[in-house]
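Features of the protein shown, as given by TrEMBL:
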- 1-391: domain 'Major facilitator superfamily (MFS) profile' (DOMAIN)
- 43-64: transmembrane segment (TRANSMEM)
- 76-98: transmembrane segment (TRANSMEM)
- 163-183: transmembrane segment (TRANSMEM)
- 218-240: transmembrane segment (TRANSMEM)
- 246-268: transmembrane segment (TRANSMEM)
- 275-296: transmembrane segment (TRANSMEM)
- 302-324: transmembrane segment (TRANSMEM)
- 344-364: transmembrane segment (TRANSMEM)
- 370-388: transmembrane segment (TRANSMEM)
Amino acid sequence: MWKNKDFGLLWSGAAFSILGMRVSSIAWPLLVVFDGGSPERAGLVGFAALLPQLVIQLPAGVVVDRLDRKKVMIACDVIGIVAIGSVLAALFMGGLSLPHLLIAAFLEGSAAIGYQLSERAAVRAVVHPQQLPTALSQNEARSKGAGLLGQPISTGLLSLASWMPFIVTVLGHLFSLLTLLAIRTPFQKERRTARRSVPKELAEGLRWMHGQKLLRSALVLISCTNIITQVLSLSMVLIIRESGRSVATIGIIGVASGIGGLLGALCASWFMSRLSLSTLFVGTLLLRFLMIPTIAFTSSPLILGALFAAMSWAGGLMNVVGGVYQVQITPEEMQGRAGSVSSLVTSGANSLGPLTAGLLLGTLGTTPTVLTSAVVMAALALTAAITAHRHHPTPAPTEKELSMSEL
C-alpha cells in the first residue's frame, strides 16, 4: 500500500498536521497558566478549543459532502496557519489578549474537525477497496502516535519559550498544504444529486445513520466504553495518589497506555483479515472486561501499566474495526455526514466521562467504582454479542460491485 504515492502523501501530510494540532490544543490552557492567568481563564481557553466538537461537527459533515474534499482540507490548513500565525505575531509583539486566544483556539479547533472529516472520507478514494482496513489502521495508529507525542512535545517546547509549540503547529499545516497540492487523485466522485439546503442534507444524513441499526448500536457501545475509560483513568490517578507514589508514575502509566493503543491500531488490519468484524468488536469488549477487576485490587505501577496498555490495545483495535465498517457501508456522497455524526457521538461521550467519573468516585469510592465499571463493561459485551447475532454486519462491497456502481 505504501507504493501508493497519493496515499503516502495524504497520510504523511495529515500526520504532521494532526500532530501540530495536538501540540497547540495542549498548549492553549498551559500558555494562559504560565503567563500568570487564572485557572478560570485557562479553562475558558480550553473550552473554546473543544467547543467546535459540539457545534461544528454536523455542519462540517455537510460541507465535506458538498464541496471538493481536497479544497476543504486546504482551506482548513490555511485557517490554521492564519489563526496560529496571529497568536505567534501577538506573542512576539507582547500584545496577546484573552479574546484573541479564544477566537484562535476556536478557529483552530474548527479547522481540525473539517480537516479530519475530509481526510477520513478521502481515504476510500485513494486506496484500493481491499486495502481500506490497512489504510484506516495506519490512520488510527497515526492518531495514537500524535496523542502520544503531542503532550511531551508541547510541554517541552513551552518550557523553552511560549511561542515554540505554535511554530510546530504552523509548520505542520504548511507541510500538509504542500502534500495536498501534490496529490492528483480526486478525493470524491462528482455528486449527481442536486444540492439542497443545509438542514435538509443534515436531516438526510441523520435519517440514514438512524436506519443503520448495527452501526448505531456500535456507536452507542463505543461511547459507553469511552465513558468507562475516563472513569478508570481517574480511578487510576486516585489509586496512585493513595499509594503515596509520585505524579510521574501516572505519566508512565499513561505512556504505556498510549503505546498499547498504538500497537492495537497497527495490528488491526491483520486481525480483520482473519476474524469477522463482529467477533473482533465483541472480543475487544470482553478483553477490557477481563482487565478491569484487577485494577480494583492493585496499586502496582507495573501491573496497572500492563492493564491499561492491554485495554488501550483493545480500544485501538475497536476504533479501527468501527471506522472500517462505517466507511465501507456509507455511500460515497454521505461520508462526511456519517463521519461527523460518529465523531459527535464519541466526542460527546468523552466530555461526559470526567463528570461521570467524579460523581461515581465521590459517591462510591475507588474500588466500588472500578467494580461497577467491570459490570457495565460485561453488559456492553453481552449487548454487542446479541446485536451482532441479530444484525449481521453488511459485507464490504467487492471490487466488481464498486466498479458496477460507477457505471
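Placed from the backbone N, Cα and C atoms, the Cβ positions cover glycine too.
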For the transmembrane segment (344-364) against the transmembrane segment (218-240), do we get 3 or more Cβ-Cβ pairs below 8 Å once near-sequence pairs (under 6 apart) are dropped?
yes
Contact set, same chain, for the transmembrane segment (302-324): CB under 8 Å, 6 or more residues outside the stretch:
120, 132-133, 136-137, 139-141, 144, 218-219, 222, 225, 229, 232-233, 236, 239-240, 252-254, 256-265, 267-269, 271-272, 277, 280-281, 284-285, 287-288, 291-292, 294-295, 342
Express the predicted model's confidence over the domain 'Major facilitator superfamily (MFS) profile' (1-391) as a mean pLDDT, rounded to an integer.
88
